[in-house]
Amino acid sequence: MNDTSYSASRPASTTANAAPSWSAQDLVAAISLFLATAAVVLWQVHRVGILWDLSYILDSAWRISLGQVPYRDLPFAHAPLTFLVQAAIIKLLGRNYMHHALYAAIAAGLGTVLTWRIVLRILNDRAVALLLAASVTVLSVYSILPIPFYDCDCALSILLALYLLQRLDARAYAGQTMAVGAALVLPVFFKQNIGLPFLLTALVGIGAVVAVRRITRAKPGPDDLPTVSLLLVIAGAAATLALCGLILQFTAGIGNYYRWTVQFAAQRRMPGLRDMLAVYTEPSLRWTLPCIVLALLFAHLPTPRNPGRSDGVWRDPENSLLARVAPGLAMVLMTLPFLATLLSLFQSADADDRASSLLALWPLLLILSSVHALYGLVRRRSLHALLPLLALAAIHGTMLSQQLWGSTYALWPLLIYLLAGMIAGLPAAVPKIPLAAVVGVTLIVCGLPYIASEERLSYSNVLEGPVNRSTLPELQGLSVHGPWLPAFDQLVRFTDAEIPQDDGILLLNGEDPFFFATGRTPQFPILLFDPATDPYAPEQTVTEVRENGIHWLIVKRRLQIKADPMPDRDRTLDLLRKEFAPYRQLDNYDIYRRTPTLAPVR
């Protein structure tokens, strides 16, 4: 693998596998992009706390650090790597919220630098690449949800895989090539609905390239990987999958893993086809798509070598005026969807309308990049032509869970990658720096209010009320709007004083990072009562309470999350109150103790 210099005299078709080498200016740019991105994430950490998601990550990581094995010992619907990484941080550094917040900031900074290097290799233009990558400082993998999260980690791992694939060449050692194949597997174990489409598209696509070469006996081009290298990538992915399968079998059991992460997860989150395609019903497509099509027609008009010469359709010198203005006109038309998005920022003060206008760019760019990617693959059946399809597969896999509105928060770097490929494919006469400047400015100017308003987190009261900060050492640095943290701190002080450390506790609905903050051992199989994580009917919940020796029930009366997602909450509480007696009422929590006549069964 190398990062060699690129000669401007080489054909544009070779740019996929060549890029400028690192320079002092590149180092300054990388550090600046990293620090700017990390600063945005830490700014979000300082002002936003989403307890529902935070508690699931931290409490799950804590129980894993204690040796509890997901899939085998407890139901667990998510892939393991995010939780294993956070568990490792706890093991190495102890329980402190800021360790995990810093992880998010560092991961986001690395993601922005990776995005920049990827688009620089595509464009071979430092100015254009920097203008596009600058937008990722605001719309990074962690800028909206500034806590460790599996979608964000998965997007980062996909950027890493694309970066490595982009730099793979025939001179790489077999071990290096197989390591790139191993990187293809990594996203699967961060988030299955993102990683699986990415991996399957990669393996099927690479296999198809090999098959076409064998059938047509075509030789790879000068910048294409030889067939043996492609086979080594597949072998590296297969070997990594086999190794992961063995590890799972000897720890959690591969059958258990499949049951919870595939069968159960698909049952709870898989949308219908109509919902999956809803992204492409965006009304603005009625004008933005024709606008871009017209721009492409202007961009590809034949340009006369000399307007004063008789040359085909340019026999009349007056006709050369169109040739002179066509590239600029194409550029202006291409910027109109972005300028309209920018204008909408000043037309409405409603955060929801602003977010919708920004997100409306997604279906347009996905349609265009899909056509561009397929066209590129038809023209050049190679690994590098396949890469945009991998990003598209990952993006559409993400939307399997929460469609456009809920899914794109960690995917902006992948959209910038696809956008860079389309800009690189434009004729040389089209001005690329002004186009990239409009794109970058639009995404930054519109992206800042988008992440500041936290419309993506509108399912929770994240910005209502004054900011409070936790007084607990383990949650130092956690900032949450509203009364939630003072009430939670009171709960922790109460449990420290009155509940024995070894007593089993069940918290409904599991919105707070209770076990991480207190250092207690979770004894109930699930931590978060959400349809995506809770497999139990009310009667099963009561059975698990008895079998796991739960002595205390803590019910949170008012939740930060707006709609309580707990299935059959009232029925579950009615059954549990027959097992537990009221013990104490705190500011926001009702404490129940197991009725002595109903001793827990182990």
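Backbone N, Cα and C atoms are what each Cβ position is placed from, and that goes for glycine too.
So that you can see what the record holds, here are the features copied from TrEMBL:
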TRANSMEM  27-46  transmembrane segment
TRANSMEM  101-119  transmembrane segment
TRANSMEM  196-216  transmembrane segment
TRANSMEM  228-250  transmembrane segment
TRANSMEM  284-301  transmembrane segment
TRANSMEM  321-346  transmembrane segment
TRANSMEM  358-378  transmembrane segment
TRANSMEM  385-405  transmembrane segment
TRANSMEM  411-430  transmembrane segment
TRANSMEM  435-452  transmembrane segment
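Taking residue pairs at least 6 apart in sequence, the transmembrane segment (435-452) and the transmembrane segment (321-346) share three or more C-beta contacts under 8 angstroms.
Using a Cβ-Cβ cut-off under 8 Å and counting only residues 6 or more beyond its ends in the same chain, the transmembrane segment (435-452) has close neighbours at 40, 44, 127-128, 131-132, 134-135, 137-139, 143-144, 331, 334-335, 338-339, 341-342, 344-345, 351, 354-355, 357-358, 412, 419, 423. Long-range neighbours of the transmembrane segment (411-430) within the same chain, counting only residues 6 or more positions beyond its ends whose Cβ lies under 8 Å from a Cβ of the stretch, are 12, 15, 111-112, 114-115, 118-119, 122-124, 128-129, 132-133, 135-136, 139-141, 155, 158-159, 162, 299-300, 303, 326-327, 330-331, 362, 365-366, 368-369, 372-373, 376, 388, 391-392, 394-395, 398, 436, 439, 443, 447.
Distant neighbours of the transmembrane segment (228-250): 71, 165, 168, 170, 172, 174, 177-182, 184-185, 189, 199, 202-203, 206-207, 209-210, 257, 383; these residues of the same chain sit at least 6 beyond its ends, with a Cβ under 8 Å from one of its Cβ atoms. When Cβ-Cβ distances below 8 Å are used as the criterion, the transmembrane segment (196-216) is approached by residues 158, 161, 184-185, 187-188, 227, 230-231, 233-234, 237, 381-383, 386, 389-390, 393-394, 396-397 of the same chain, each at least six residues removed from its ends.
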